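A short worksheet on the structure shown next.
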């Protein structure tokens, strides 16, 4: 059976350009691992960078009107000409329709619309991603996400005050962003084995926190003067990264097969070459009559070698993608999915509501609150790496998650108390909370998902990684949708109720996680 590998030409071209030491150009797999690590890190950083602005802009959508009025009186007494940045606040300090007393519920509904669409779409995304080229699938998702992120910012530019418009943009953006996580985890899982997966993925998963930090800083730069740019700039960044993804992403390593030695026209013996074939295939060169004039141009010395045609024989059937129910039957998938549901509920409540909480509790403006909230993500970077290192050393991912979840609950209560005593204690508790909350979340969504997607029960079928990742993260996203929604409802009765909800979620995550190591 002959197969046409024309679709591999871009990747083969990259291999040829990077190698100059072999007769047949092949690049060291280490270089591809480094390329995949760095590129997928930057790609998903841009995803989280585009999600963060909504949490920064919330305090601008609904302001403390009394403070704004006093500032406006002072400004008007010193100058008769209103500035361009105050045109939107001359009539009303808040942005309609978020100027009413139910603004927390409306803001919570926007979060819920995005995260609910994200959770539903995630279950489908993994199944679709297993059956399409990851590079193209991820590129389309990033371009579409950039468009919808920019569209939200255009609401400010064109003075749109219709809640339905913002809800629609959030739902559409939530759906297209589901292309990101299963795709990048599948890529990184394809290139890295289980050896030091916890450490590698702990480092790699810091893209979540790095994206949140960059998103906070970018959105905070424009939030007080033109919050529309807080969305447009991140939207343009993810569009640019989508183009980079299309041009450079190599989604999986290819199987190496030996090719018989050949003599060049000058009599030189060419060392055994390597042909990089697609997943599930092994290449076999069959000796055919010399009448064929196929040639290979060598980059080393521009020497041409007559070559026999290559006949690629399918030596084993290509494994089929796993079904949804088949993925659920993998030991540990259901337990870790439920654990992530509660862990992600806590993490995303902080992601979407922390800046507003700091604004209200510490009486800071939107920009300072956004900058301060990045410390939670700094702690998350350390926590994710620490969780990976510990789980590698112990060989027990479930136990590592349990210990961090057990410590996180009382730490959350401490943060709710200490944050009222000044800036210094708040900074310290933000770092600690970020590490303990995001540590288990990072471990489950990366190393655990990759381990389960290549579980021994699959008997070598690696076509389950995207589906398993999507199921775990999709279930976690249900919690991510519920957390901000509940925070919007409970905060009306005081922020203490929100922290009680977060502590309860941490204890539930501890209860449903697997009791023993199963991966």
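Numbers here mean position along the shown chain, with the first residue as 1.
Cβ coordinates are placed from backbone N, Cα and C, and glycine is handled just like the others.
Note that the structure is a prediction, hence the values are computed from the model and not measured.
As annotated by TrEMBL, domain 'Major facilitator superfamily (MFS) profile' applies to 39-519. TrEMBL lists 106-128, 134-158, 203-223, 229-250, 333-354, 374-391, 403-423, 429-452, 464-486 with the feature transmembrane segment.
Between the transmembrane segment (333-354) and the transmembrane segment (429-452), three or more CB pairs separated by 6 or more residues in sequence fall under 8 Å, so the two stretches touch. Contact between the transmembrane segment (229-250) and the transmembrane segment (429-452) is not supported: fewer than 3 Cβ pairs lie under 8 Å, counting only residues 6 or more apart in sequence. Across 106-128, 134-158, 403-423, 429-452, 464-486, stretch 429-452 shows the highest tally of CB pairs under 8 A with the transmembrane segment (203-223). Scored by C-beta pairs under 8 angstroms, the transmembrane segment (464-486) has its highest count with 106-128, from the stretches 106-128, 134-158, 403-423, 429-452. A Cβ distance under 8 Å defines the sequence-distant neighbours of the transmembrane segment (106-128), meaning residues of its chain 6+ beyond its ends; these are 51, 54, 58, 61-62, 97-98, 100, 137, 163, 166-167, 170-179, 181-182, 321, 324, 348, 352, 356, 466-471, 473-475, 477-478, 480-482, 484-485, 487-489.
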